Amino acid sequence: MARGLVGGAVAQQPLGASCFRFLEWGTAKILGEHWPLTGALALGFAAGLLLAASPYLRKLFIRGFCALATPFSRDTCWRTGLLLLLLLAVAVKESWQTEEKTCDLVGDKGKESEKELALVTRLKPLFNKSFESTVGQGSETYIYIFRVCREAGNHTSGAGLVQINKSNGKETVVGRLNETHIFNGSNWIMLIYKGGDEYDNHCGKEQRRAVVMISCNRHTLADNFNPVSEERGKVQDCFYLFEMDSSLACSPEVSHLSVGSILLVTFASLVSVYIIGGFLYQRLVVGAKGMEQFPHLAFWQDLGNLVADGCDFVCRSKPRNVPAAYRGVGDDQLGEESEERDDHLLPM
């Protein structure tokens, strides 16, 4: 009986090998030349989800493994299958927790400049954005792709800024994330990627370097990425210079009150204290009721007359003691009328 099992398992080995080769070919066609890493993670993740969700699939997986594997005993086969399931779960977990590469600042791990770390944190809103600019003409047309603390172009190169020749598709790494330097001023941030591909015949064949000048523009989060120039006429310290606008490079606006605002706030505060304090004093100390509680009521009632007198005094230039040109007729100017002054008009 054991021999029959062995013979059956051996006979099934070519079929299993063919299935695995077919799966490998199909995965390579779908995922391209980088399928070993990407395909393993994707298929492992999908298989882990399916096996975790369905006990029937887990049982079927172990039986299939036993049918395709080298003939061991049934207990050994089940233990090996369970071990593979455990390894698959660990692989899925590790692939899920894998983080994308980010800026590696100059200095040992944990000893980076706190100011540089603060600037990297400040630029986090740009991490998921990609910036592209095309320059040149004809065969000298180049595409520059830039990302802030994230990989640009071929994700296996660790590049933060790449140059692509549009005519032949050749990709040149201008700067990598593993050699990042960053500093800032009042309204700008300078981001430098070092460790790019070596020059062919310029700059002593040193590694390329990208310098990105991020200027303050409060009206946009990030825009206007453009190459400015390439300095390669020196023996060393050559660089590519780029510029970009971003509101993240702006200094925080310091909000302060003007002199007029301060005076208005002070005046309003004094008036409020005067009215509230006066009301309390008149009511609690003096014992006033109704309108009498208002502080200095007589003064405020006569305020209109006082203002009119002041306006009359300031605005009128005529002396007060000059008599008027026309005098009104008063009762005091009318003498007693004689009762008989009209007697001669009466008929006799």
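Placement of Cβ uses the backbone N, Cα and C atoms for every residue, glycine included.
The domain 'MRH' annotation in TrEMBL covers 101-252.
Among the features that TrEMBL reports, region 'Disordered' is placed at 327-348.
Annotation source TrEMBL lists transmembrane segment at 35-57 (among others).
What TrEMBL records for 257-281 (among others) is transmembrane segment. Residues 293-296 of the same chain sit 6 or more residues outside the transmembrane segment (257-281) yet have a Cβ under 8 Å from a Cβ within it.
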Across the domain 'MRH' (101-252), what does the mean pLDDT come to, as a whole number?
90
